[in-house]
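Asks: Mind looking over this structure? Questions follow.
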Amino acid sequence: MFIAVVSTVISQKVENPEYKSFLNNSQRLYDALFSTYTKELSPILTRKEEVPINTSNDTRFNVNISLYFVKLVDVTEEEEKFSTLSEIFMTWIDPRLKWNPSDYGGLQELHVNADSVWQPENSLSDTSDIQEIYPPDIKTVIIKPEGTVSILRKIYAESTCKMTNIGHFPFDRETCSLYFMVYSYNYWDVKMTLAIPQPNIVNFAGNSEWDVEQITYGISFYNDSSYAYDFDSGAFNLVLRRQPHFYIYVIVLPCFTLCILSAIGMFWSSNRREDQLAKLSIGLTSLMSIAVLLQIVTDSIPKSQTFPLLGFYAIVSVFMIALGCAVLVSLPISTESTKKSIEAGSAVRRFLYRLTYPHVILHILFQLGNIINLIVFFSYWR
């Protein structure tokens with residue numbers, strides 16, 4: 001029953017005069033354009049020698065690359081890579097595919113399979129993996145009367161990303177770029193123009209750990225002697241800002257809590273001989289716990305010469321607890337022979353006197369150190 005209904009609809013549509021005329025004109029145009037067309041032959045004019053670029057009248061073959069959509073899939077800091085899913089709209093002019101619309105019933109565009117036409121080789125560079133989401137056998141190009149050819153490419157790519165601001169981890173901002181290059185032609189034969197038609201694509205580009213603050217683009221010319229040849233490179237630059245909440249909740253707050261509790265355990269009461277070993281055990285246990293948290297930091301960042309901010313925070317915490325253990329061992333054993341004249345005094349006097357106890361002073365100093373360490377760490381959060 002369903003097949004019969006579909007067949008009826010299709011037959012009615014084919015019998016529609018307007019649709020039938022469209023099919024006939026499309027077929028005539030296709031035959032006229034592709035009867036002598038060779039897709040393996042490039043339409044790019046190549047010159048043997050370098051030609052000075054006239055910016056006011058640039059005759060180079062132009063490929064326009066527009067970024068319509070980008071989604072950050074993952075950032076692998078330790079490998080300095082990032083993966084994206086992007087939609088790239090590429091446009092170029094193939095003069096062999098021009099026609100006069102009046103000769104073909106006013107036909108303004110022709111849709112053909114992407115494998116039927118020549119395509120420029122402008123492609124992502126600095127990638128370890130690149131995959132086309134749409135297979136070539138179902139991909140379509142749009143051809144305009146002036147010979148303009150357009151194609152939408154949906155690409156998954158894993159690209160390199162140099163982590164230049166890892167010293168502020170986990171409050172770092174990084175810039176990762178999608179580079180486009182041409183490998184077979186000289187820069188004086190081919191040029192690229194870049195565009196972002198919809199600036200609000202940044203609102204959907206981030207993931208759970210990274211926000212995309214902005215996306216910029218530009219063309220860079222490389223003529224340094226360190227390169228084998230001169231070339232142009234187009235880049236879409238993604239400015240990323242890390243969401244630090246995971247590291248704050250999993251590392252910073254537990255580390256701060258351990259430091260606070262270890263200082264309380266070691267210096268809350270006077271240093272009596274029978275309690276000294278138990279207090280020392282508190283400090284050593286806290287050291288081992290922070291070492292476990294520090295391992296999480298080292299697994300999350302590249303092994304570079306730049307030490308991250310979170311690592312400094314953990315190292316300072318370790319140093320303070322280790323210093324507390326050393327002070328605890330070297331602190332004189334307290335005696336009860338210094339209370340006689342104080343017990344008879346006022347409550348205020350007794351309170352002020354107790355503030356001069358060595359363990360109270362050390363307790364205050366270590367807690368202040370923990371708080372200052374935390375404040376300095378959070379001062380980098382912007």
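Cβ atoms here come from the backbone N, Cα and C positions, even for glycine.
Nobody curates TrEMBL annotations by hand; they come from automatic prediction.
Found this in TrEMBL, in case it helps:
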- 27-244: domain 'Neurotransmitter-gated ion-channel ligand-binding' (DOMAIN)
- 246-268: transmembrane segment (TRANSMEM)
- 280-298: transmembrane segment (TRANSMEM)
- 310-331: transmembrane segment (TRANSMEM)
- 360-381: transmembrane segment (TRANSMEM)
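Describe the structural context of these features.
Replies: Outside the transmembrane segment (246-268), and at least 6 residues removed from its termini, the chain residues within Cβ reach (under 8 Å) are 170, 209, 279-280, 282-283, 286, 289-290, 293, 296-297, 300, 310, 313-314, 317, 320-321, 324-325, 328, 359-360, 362-363, 366-367, 370, 373-374, 377.
Long-range contacts of the transmembrane segment (280-298) within the same chain: residues 247, 250-251, 254-255, 258-259, 261-262, 265-266, 308, 310-311, 314-315, 317-318, 321-322, 324-325, 328-329, each at least 6 residues beyond the stretch ends and with a Cβ under 8 Å from a Cβ of the stretch.
Outside the transmembrane segment (310-331) by six or more residues, the chain places 169-170, 247, 251-252, 255-256, 258-259, 262-263, 266-267, 271, 276, 279-280, 283-284, 286-287, 290-291, 293-294, 297-298, 301, 358-359, 362, 366, 369-370, 373-374, 377 with a CB less than 8 A from a CB of the stretch.
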Asks: Kindly state the mean pLDDT of the domain 'Neurotransmitter-gated ion-channel ligand-binding' (27-244) in the predicted structure.
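Replies: Its mean pLDDT is 90.
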